[in-house]
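As annotated by TrEMBL, domain 'Ig-like' applies to 12-120, 208-271, 275-369, 458-551, 755-843, 965-1053. Residues or ranges marked as domain 'Fibronectin type-III' by TrEMBL: 560-659, 660-751, 852-947.
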Amino acid sequence: HFPVPFSESQAPDTKTDLTGLFTEKPQSGEVAVGENINFVAKVNAASLLKKPTIKWFKGKWMDLASKSGKNLQLKELYDRNSKVYTFEMQIIAAKPSFAGAYRCEVSSRDKFDSCNFDLTVHGGCPHTIQSLGASQVKSEPDEDVWEILQKAPASEYEKIAFQYGITDLRGMLKRLKKMKKEEKKSEAFLKKLDPAYQVEKGHKMKLCIEVANEDVDVKWLKNGQEIQSTGRYIFESVGNKRYLTINHCSLSDDATYTCVVGNEKCTTELFVKEPPVTITSHLEDQMVMKGERVELECEVSEEGATVKWEKDGVELTRDESFKYRFKKDGRKHVLIINEATKEDCGHYTVKTNGGESMAELMVSEKELEVYQNIADLTVKAKDEAVFKCEVSDETVKGIWYKNGVEVKADARTHITHIGRIHKLTIDDVKPEDQGDYTFVPEGYAFNLSAKLNFLDPPKIHLDCMGHTADSTIVVVAGNKLRLDVPITGDPAPTVVWTKGEKVMTEGDGRLHVESTKGHCIFTIEGADKQDEGLYSVIVRNPAGEDKADINVKVVDAPDPPSAPRILSVGEDSCVVQWDPPKSDGGNPIIGYVLERKKKKSYRWMRLNFDPYTDTTYEAKRMIEGVEYEMRVYAVNAIGMSCHSAASQPFIPVAPTSEPVGLCVDDISDTTVSLKWRTPEHLGSSELDGYGVEYCKEGCEYWAFEGLTERTSVIIRDLPTGEKMQFRVRAYNMAGPSAPTSLAQAVTIREIMQKPKIWIPRNLRQTLIKKVEETINLVIPFQGKPRPVITWSKDGEHLNPKQVSVRNSDTDTILFIRKSERKDSGKYEVKLQIENVEDTASISIQIVDLPGSPEKLKIMDVWGFNVALEWKPPKDNGNCEITGYMVQKADKKTMEWYTVYELYRRTNCVVADLIMGNEYIFRIYAVNMVGLSLEPCFSADSAYIQKTGFEYKPPTYKEHDFSEVPKFTHPLVSRSVIAGYNATLSCSVRGIPKPKVTWYKNKMDISNEAKYRMFSRQGVLTLEIRKPCSFDGGVYMCKAVNASGEDVVECKLEIRRKYP
């Protein structure tokens, strides 16, 4: 918006541009004194997002909303069909002071509209100023406040500032003095700022100037400091107009604003007007005794506001005796009178520029003594209530009040005054007589109060409750238990619920106790078995108590049965059994429901739909080999229990076929070894094992050996020489199969078998082991009865500390934990049964690392060659020497290099040695175990002599790499916006590196601070910092070295920031 300067005929407009919200504007009018007049404004709200807000003003800033009363009424109507708001201002009984300029403002979010109109009043002279409302607060004059200040004497400035809500009078007078200065005609400004602007706190303000040159830059200053563009301060440039917009004006924006164009400037004053101060907490009438302290307190809408105190229309000030004290605490204002006198009686008024408040102060000269105060009474129905008091003065009259309403005498109510005694008697007391009674002596600032309490004994009415035949309330578990007991009594009785000796209170959230007028309600959410029992309700008040008992029974579905047990399984069936549940839920069990499912499934299938009364059930129609589970439900009259735990998984299977191929594998004097093959038909269940049974021939009792998972078994402790019968069964989940028996009985007697040693193939040749390796020889044999086994080494017995021997019925084991060289040799094993024997031998060779070679000598040195010779080691490690490792080392570095890795002879020639170096040599012996631990070093060194010749390096002609500078990428003409950094770039090559110089309009700019030059890998860049229109022109870059020079140039155009 564009700010409007102060004038006599038009108020300042401080909001947004007009948007034409009015469909009908209020028109100027004339009215005679004492008559009425209406002003009407209409707004179409069809396109508005929010209800429009309207304000009526008189003069420049007097808001008439606070003046509504007997002389002014504001109305608002809304037509839903046409969506038109009608706002009406009615002036009643017009006075001459009502004449003047008025303004109507309407706003809706960011839209705003206003209009001005005048009121002319005929038949009177506006020599006094009165308000349009009920209170006598002076209204805004039609004259401009600036004109009032200019014409008024300095002594009246403070009074005018209070009347018109001016908070910064001193700053306003300073600015007023500046406004009187006449400004010279400006060449830079076509239109300057007006001398002053005014805006309400929180509104938006827009300052506008017009400049002669559209391209010129302007600066805005606030109290001499430059304003930066922020969210609250917005700069705009449209043609030759420049705007400064201030959003959400606050008191800090009340300042001097200056617009600077070149060397010229124009200044204005912005005044931020605060809303009128209103009284939020009014004064209260007071009655005090003579000499007491008096405090009249009120609260206003703004902290630090100025208020004016008056007594009977005369302004109060701090006099010499400090009779009146004025205290200000934030928004609170207090008038203090230290010692009240009879002269202080009267009407006290506090005034602000937005309202006033009045209170009456009464001061009593003497104090009335009370000999007997009235006392609280508590009576029952139809009794008599008597309030009695006695005061010191017999002539004092008084008034009785009930709950603030004066008591009048009637048929039941008697008021008497005999001497100093005042009495109020109420016959046949009823509930409506209950209340607060007060006796007020006439002419004294105190009263006597007491309370009448009406009593009605409590009573419990159980006839309205529903009971079963045995006076027991039955509730299903999980449902809500709600006991609603009607009660009566006055005052309202207190209710206590108990269960046994325990008082029931709201604790875990399930239990709720509620008392309403005429009822007490006891509720348990989700009743369960523990809530069963005898409940008592007790009601009490001062008139007595009453008690009643209620028996509650909770019935529920039964507990789940125990987990079912599988007694037996068949090919497609099973027999299941379970135990009854521990609790039947208060009702007898009528049956059970069974379910089954496959182990890997989640779907349970019901086996019976009618309750099954027994606890054993045969389930059929199952699939053989599939794993199943079973569970059971118990059923009573309330419902079905939760399901039991699932049974152990089971598989319906049939027994397997009998094992096949039963035969005797071995026999001794007390044992028999049997073996067989698995049954031909195993079925779908896993095989649990085999059971072997035996008995003497002709006996019917079969002894059971036990289950075994193997297909062979050794039965021990049999009687020697007896004939025994044997049979085998296969077992699975379904039980044992049919037996398989031997064709004839077996006599328990061992059979002679010749001893025989079976040497493993790898031991038929010499066994070679390294020192400290473990030797474990397993030699199987046969022979019955068990043979005698003897081990020897080279014809001698073995040392048990070094060698361990373990024997069994079928093999013998030779074990050496850590072998040594002395363990090498020929080992013999011998088996003997009675006079029959068998022998076998095994050769073992323990090998170790060889010793070092001996006597390494340098036999000859010629050219680049050295001849070496040595002797084999004395210790070959108990195995053949497979070769030698020959190494050499330069005496300067002593770094060893291998010449031959596996050399078989004891002499060699080391060739390709380096001339001028001195060498030493060493040799390791190698066998199948590895290298010898220590080498054999040569006693002497071999020096390779130098030959006499000189090296002459070749000569080369030096190449000329110089190159004339040449721009590989030229400068490009550019057009940039003023105020933003600009860069010019090109690239150049040349050897040696050329010297680069930049020119503007053929002037060297190398030392100018406005420019920065960069050179990276042959890419040249010129940066121009925030260019203006003077930085446009022809820019040239020149590259020079010893071989020549090159030049490139471009044009730079600077555009204005705003077109």
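From the backbone N, Cα and C atoms, a Cβ is placed for every residue, glycine too.
Helix, strand and coil residue tallies for the domain 'Ig-like' (275-369), in that order: 3 helix, 49 strand, 43 coil [DSSP]. In terms of DSSP helix, strand and coil, the domain 'Fibronectin type-III' (560-659) has 0 helix, 34 strand, 66 coil. Mean predicted confidence for the domain 'Fibronectin type-III' (852-947): the pLDDT average there is 91. As a summary of secondary structure, the domain 'Fibronectin type-III' (660-751) carries 0 helix, 48 strand, 44 coil according to DSSP.
When DSSP labels each residue, the domain 'Fibronectin type-III' (852-947) comes out as 0 helix, 53 strand, 43 coil, counted as helix, strand and coil in that order.
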